[in-house]
Amino acid sequence: MRILSSLKTFSQSRLSWLLLLAFVVFFTLCAMYFQHVMLLAPCVMCIYERIAMLGIGVAALIGAIAPQNPVVRWLGFAAWGASSYKGLMLAIEHVNYQFNPSPFATCDLFVTFPAWAPLNQWAPNLFEAYGDCSKVVWQFLTLSMPQWLVVIFAANLLALAIFVVAQLAKTSR
């Protein structure tokens, strides 16, 4: 229980939320390196996964606003969970495009954003897709990029679950 109490206290610090934000910044910079230095063309699914990652960053910013306020902290947890779950579902779908190809299951040709937020027009260097979802263009330790994203988003959900359990556990005084 001491570990859960420590995790609850840590989640009430701004440092914990800024650390989550730092991970998002790191992974986004990795994506930019892959795209602009290694010249790996991002596909539609890559862009959607990138947005899910940025959603985790927004969750971190929400939590960092007032981490000692339970309402703000739980809003941060909810946004973290929603973005991580959506990212995991997108990454799993992307892995299926790569390793279980089907003429009936293909990704879109173009990213689609709401008319009120055409991100690919506002920031094309970050949100424009021109790659093929089914191609494996990069691997590290035998895993493709979407497979790594499955690991990353699943790890986020696991970390979130641990922090939620810590919030609900009774703390000894």
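In case you wondered, yes, glycine gets a Cβ from its N, Cα and C as well.
Per Swiss-Prot, topological domain 'Cytoplasmic' is recorded for 1-16, 68-74, 167-173, and the stated evidence type is sequence analysis. For 17-33, 52-67, 75-92, 148-166, the entry in Swiss-Prot reads transmembrane segment, with the evidence type sequence analysis. Residues annotated as topological domain 'Periplasmic' in Swiss-Prot: 34-51, 93-147. What Swiss-Prot records for Cys43-Cys46, Cys107-Cys133 is disulfide bond.
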Model confidence over the topological domain 'Cytoplasmic' (1-16) (mean pLDDT, whole number): 83
Positions on the same chain near the topological domain 'Periplasmic' (34-51), where near means CB under 8 A and six or more residues out: 28, 87, 90-91, 93-94, 97, 107-111, 119-120, 125-133, 135, 137-138, 145-146, 149
Packing count at Cys107 (disulfide bond) (other Cβ atoms within 10 Å of its Cβ): 19
Residues of the parent chain within Cβ reach of the topological domain 'Cytoplasmic' (68-74), under 8 Å, 6 or more residues beyond its termini: 11-12, 62, 167
Local backbone state of Cys107 (disulfide bond), from DSSP in three classes: coil
Contacting positions for the transmembrane segment (148-166) when only residues 6+ beyond its ends and CB under 8 Å are counted: 4-5, 7-8, 11, 27, 49, 52, 56, 77, 80-81, 84-85, 87-88, 90-92, 94-95, 140
Summary of DSSP states over the topological domain 'Cytoplasmic' (1-16), given as helix, strand and coil counts: 13 helix, 0 strand, 3 coil
Neighbouring C-beta atoms (10 Å sphere around the C-beta of Cys133 (disulfide bond)): 21
Outside the topological domain 'Cytoplasmic' (1-16), six or more residues from its ends: residues with CB under 8 Å to it: 63-64, 67-68, 73, 162-163, 165-167, 169-172
